[in-house]
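Listed in TrEMBL for this protein:
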| type | residues | note |
| --- | --- | --- |
| BINDING | A:Ser63, A:Thr204 | Mg(2+) binding site |
| BINDING | A:198-204, A:229-233, A:298-301, A:Ala366 | GTP binding site |
Amino acid sequence: MVFVLCTLIDSMGSLCSRHRRSPADPEENEQTAEIERRIEQETKAEKHIQKLLLLGAGDSGKSTIFKQIKLLFQSGFDEAELKGYTPVIHANVYHTIKILYEGSKELSQSSEDSLKFIVSDENKEIGEKFSEIGGRLNYPRLTKEIAHEIGTLWRDSAIQETYVRGNELQLPDCAHFFMESLQRLSDVEYVPTKEDVLHARVRTTGVVEIQFSPVGENKKSGEVYRLFDVGGQKNERRKWIHLFEGVSAVIFCAAISEYDQTLFEDDNKNRMMETKELFEWILKQPCFEKTSFLLFLNKFDLFEKKVLKVPLNVCGWFKDYQPVSTGKQEIEHAYEFVKKKFEELYFQSTSPDRVDRVFKIYRTTALDQKLVKKTFKLVDETLRRRNLFEAGLL
Amino acid sequence: MPMFQPSRKDGGVLGLDGGGDGRILDVESAVKDGVLGGGAVAVYGGGGGGGEKLDLKKMIDELNLCEVPSVFICPISLEPMQDPVTLCTGQTYERSNILKWFSMGHYTCPTTMQELWDDTVTPNTTLHHLTYTWFSQKYVQMKKRSEDAEGRASELLANLKRVKGQARIRTLEELQRVVANHSTARKTVADEGGVALVSSLLGPFTSYAVGSEVVAILVNLSLTSEAKMSLMQPAKVSSVVDVLNEGSIETKINCVRLIEMLMEEKDFRRELVSSHSLLVALMRLVRNKRHPNGHLPGLTLLKSISTLKEVRSLIVSIGAIPQLLELIPVLNPECVELALFILDVLSSVPQGQQALKDCSDTIPTMVKLLMRITECCTDYALSILCSVCNLSPQECSLRAVDVGLAAKLLLVIQSGCSPALKQRAAELLKLCSLNYSDTIFISKCKLTRTIQ
């Protein structure tokens, strides 16, 4: 492509004028015209694609949302793709039991009631074996026998006690789900289900994207969206974030259930504080001056269960929280408190000239497909209204 | 029932085609076919004739129509006649009105100006019958429409329990129209649990399309205490605030009204309005220069909210003060008074006082407003100026005098305003004069007066 243009420039001296094409190269003229046409078409098409950027700290649920969109609005996962997740899921299983076993050893030394963390002798053998298994890439296939052993260890009371203290370890959220499905996962003919795939945990590296169009009720095709998922860990974010200038919206995922957990990369840093700082940083980026912000307060299902047992004020940001009641009412009250904190943060980090940016908060549970679909319908509505508004039609 | 048999000759009088044998025409049909003007009236049977089951006065009042056939109207009062009487000149008037005319000593016919040779007034039975029939039919029609509306409202509520998606939105839209136009429908909705049903559609997953219609319906209804309390759940209020943010002007105004209705409730939860999003959305409505009809409702709500002490510093923190100051020049007097009230209330918290001082528009705007609009406005403007000058006397009073404060204060003192106001003006004048020697100060007053 480039070469054709260059020769043309050389031979003619002007690319702009269509009239002054050299009559001696009709074929090259044809090619150039074709290329120019295609570039024009693609640029036009690009303009209509709404780009969405998924941001958030590690483990906030971005990739789960990504997978849900794939399941909802694209063709989902075919058999090959599903099978491709088997090694990931098996790795998650090994990883989980390893963390639990080593966690129990740690707690049996450091905790006051250390006795309850001491694993029974037979299970200790199993535990040691799994501890020795090498890095992720070397996990052996999950056979029935191995699954049986893991199951036995999982049911050890010490391990169960360790599980309760899971927030102090870097235990993945899928732990319980996979541990309770060991028999199924180790089956020779095992093909992961959609739910398994949604639970599977893999650190996203690089950028992944999908293009989709949410089909409306009347089966008419709606807007075309392109969703980008970038990794969440602390890395040189500031170097590449500006590449996303001009996206229609940033979907920021914040896992509200992790107010009592610490970072994977830094055991001393509270995850919620990290999310807070990240959100603040992103809001202040000049490249997002005019971008709509959609905040997904994610992992509500885990939040619901946790908030009645673990008070919110273990997290520095929420230290002024006062519980008012119990049960469902208290859960709602706690959720509203967290929501208000994020709102406050948003408005404090937004300069007056940016206050007209769209900002909306959504309560999500990324694992629940119906909920994600509902949420996304609302997102679609908001973005479409925004476009109409900007086009002066509202 | 009077019968009318048109002869061929007279066929054209009432605009009827008298062709063929004489058609029997009764008053009802005459009225029905619209021969009297005032539009054709569909007959639903009943009404008119001998028995005056429906009281004419009651019907006239209830219908309250603008377009009544001119023949029914009394030339004196321009109201429909309930007891028409005819004079010897052939002109017809309302009995009480013409008798009053006579009692004032006039013996002329008001419209023809002729002297009356006969002072008897003859009841115009024919006209009375026609009037009665016409109003009866209109009345029955209205009642039918009302009943229709009630029935329709009932149907729509039943529908609402079943449908989803686009159908739900359409049902809500129609329900809103019915409720807005018919008071009877509103009662039906209230009686059949419609309020709870409609309110239940508000929540964290409410789309804009549904939310805006729900709000539009609720503002038309009178809500019970219970209904308001249930609407005060944070998730529901959140969805109303979202609609306030994203909505068209009419929808925004509806949201404001709904929030006001909730605030009237005795057990109103103040944390609900202590919300960044609500206040920012409200300010956006207030600041909208393209749609000035939003100013009054927005400012009224903001005023109500500003009376809550806890929320004041929040209002200041979202930058309301410079925004209001910038807006004042384009507001109508009623809105200016509201804006000044709000600014005055905000000046009572330290952040507000500071923000007022920091904003360069404060002093010139306030000085300009003194003695300009109403005494209330002058009162608030003066109060704000006092607050700002007390914070930093030297700097502010200098600036204020430079833009003509002294002369304005003299005006206040010499005016018919309340003594308290004059007293405050005098005190402020004294404060300002401390910066200057007497002669210079007097010249400042004179100079600025000349400028004026």
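Cβ from N, Cα, C; glycine included.
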Tell me, by DSSP, whether A:Arg201 (GTP binding site) is helix, strand or coil? coil
If I restrict to non-local contacts, at least six residues apart, and a C-beta distance under 8 angstroms, what lies near A:Leu198 (GTP binding site) in its own chain? A:Thr64, A:Lys67, A:Gln68, A:Leu71, A:Ala366, A:Leu367, A:Gln369
Please report the DSSP secondary structure of A:Asn298 (GTP binding site), reduced to three states. strand
Distance from A:Ser63 (Mg(2+) binding site) back to A:Asn298 (GTP binding site), taken between C-alpha atoms, in Å: 12
Return the residue, from the listed binding-site residues A:Ser63, A:Thr204, A:Gly231, A:Asn298, with the maximum count of other C-beta atoms within 10 angstroms of its C-beta. A:Asn298
Give the helix, strand or coil assignment DSSP yields for A:Ser63 (Mg(2+) binding site). helix
C-beta crowding around A:Asp301 (GTP binding site), within 10 angstroms: 16
Specify the count of other C-beta atoms within 10 Å of the C-beta of A:Arg201 (GTP binding site). 18
Could you give the Cα-Cα distance between A:Ser63 (Mg(2+) binding site) and A:Asp301 (GTP binding site), in whole Å? 17
Going by DSSP, give the three-state secondary structure for A:Gly231 (GTP binding site). coil
At the level of the C-alpha atoms, what whole-angstrom distance separates A:Asp301 (GTP binding site) and A:Thr204 (Mg(2+) binding site)? 23
